[in-house]
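Sequence annotations record features per position, and here TrEMBL assigns active site, proton donor to His97. Summarising the annotation, TrEMBL assigns 5-amino-6-(D-ribitylamino)uracil binding site to Trp31, Ser65, Phe66, Glu67, Cys89, Val90, Ile91, Tyr122. Taken from TrEMBL, the feature (2S)-2-hydroxy-3-oxobutyl phosphate binding site covers Glu94, Thr95, Arg136.
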Amino acid sequence: MATAYHNLSDYDFNSVPDASEMRFGIVVSEWNHNITGALLEGAVKTLKKHGAKDENILVYTVPGSFELTFGSAQFVKSGKVDAVIALGCVIRGETPHFDYVCSGATQGLTHLNATQDIPVIYGLITTNNMQQAEDRAGGKLGNKGDECAVTAIKMIDFVCRLRK
Ligand SMILES: Nc1c(NC[C@H](O)[C@H](O)[C@H](O)CO)[nH]c(=O)[nH]c1=O
Ligand SMILES: CC(=O)[C@@H](O)COP(=O)(O)O
């Protein structure tokens, strides 16, 4: 339980660059909306804590985590954002479908990171049950949305510094 040793919301505030001039696209899956809504809340709150402006945080929903790749790709192609945060929650059911949704979404988002010029942040929670998801979406293990927001800011700063 790696997350048990590192709360998802714990980070060095001063290590995070100013986000006041950064533009973010957030793609949120509607599946398990009680979880993905909490992830979104954490991500937006954290982005704004570091200076991001409301008008620079674009939020679009997709039906499920398998559509996160398409939604993220559309944000990348739009040229309107400097990073994309993809938020989803896949909870294991009775069949192998869990494995295919998780691997499909993961492979798609990974492909975007390897082929496109802006970072796509992996905010997919993949759990065995709802309790594990709740623990990672504002529960005892923190909020994955917070982690994704910090990662997005740092990756935009990475790109900006490299391109100077
Ligand atoms: N079971 C979950 C899904 N399933 C839906 C797929 O993501 C996809 O929308 C569908 O197969 C149509 O393409 N999605 C989640 O995000 N979480 C789940 O637990
Ligand atoms: C991850 C899923 O698609 C899963 O929730 C579907 O449940 P089941 O495998 O019981 O059909």
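Using the three backbone atoms N, Cα and C, a Cβ is placed for every residue, glycine included.
Automated prediction, rather than curation, is the source of TrEMBL annotations.
Structural mapping of features recorded in TrEMBL.
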residue: Trp31; record: 5-amino-6-(D-ribitylamino)uracil binding site; DSSP (3 states): coil
residue: Ser65; record: 5-amino-6-(D-ribitylamino)uracil binding site; DSSP (3 states): helix
residue: Cys89; record: 5-amino-6-(D-ribitylamino)uracil binding site; DSSP (3 states): strand
residue: Glu94; record: (2S)-2-hydroxy-3-oxobutyl phosphate binding site; DSSP (3 states): coil
residue: Tyr122; record: 5-amino-6-(D-ribitylamino)uracil binding site; DSSP (3 states): strand
Binding-site residues near ligand 2 among Trp31, Ser65, Phe66, Glu67, Cys89 (Cβ under 6 Å): none
Distance [Cα-Cα, Å, rounded] between Ile91 (5-amino-6-(D-ribitylamino)uracil binding site) and His97 (active site, proton donor): 10
For 5-amino-6-(D-ribitylamino)uracil: widest Cα to Cα gap among Trp31, Ser65, Phe66, Glu67, Cys89, Val90, Ile91, Tyr122 in Å: 16
Binding-site residues compared (Cys89, Val90, Ile91) - the one with the fewest other Cβ atoms within 10 Å: Ile91
(2S)-2-hydroxy-3-oxobutyl phosphate site span - longest C-alpha distance across Glu94, Thr95, Arg136, in Å: 23
CB within-chain contacts under 8 A for Glu94 ((2S)-2-hydroxy-3-oxobutyl phosphate binding site), separation at least 6: none
Entries of Phe66, Ile91, Thr95 (binding-site residues) sitting next to ligand 1, with Cβ under 6 Å as the cut-off: Phe66, Ile91
Nearest of the recorded positions (Thr95, His97, Arg136) to Ser65 (5-amino-6-(D-ribitylamino)uracil binding site), judged by Cα-Cα distance: His97
Candidates Thr95, His97, Arg136 (recorded positions) - the one closest to Tyr122 (5-amino-6-(D-ribitylamino)uracil binding site) by CA: Arg136
Listed binding-site residues (Ser65, Phe66, Glu67, Thr95), ranked by Cβ neighbours within 10 Å, top entry: Ser65
Shortest C-alpha distance to Glu67 (5-amino-6-(D-ribitylamino)uracil binding site) - which of the recorded positions Thr95, His97, Arg136: His97
Top Cα neighbour of Arg136 ((2S)-2-hydroxy-3-oxobutyl phosphate binding site) in the set of recorded positions Trp31, Phe66, Cys89, Val90, His97: Cys89
His97 (active site, proton donor) and Val90 (5-amino-6-(D-ribitylamino)uracil binding site), Cα-Cα, nearest whole angstrom: 10
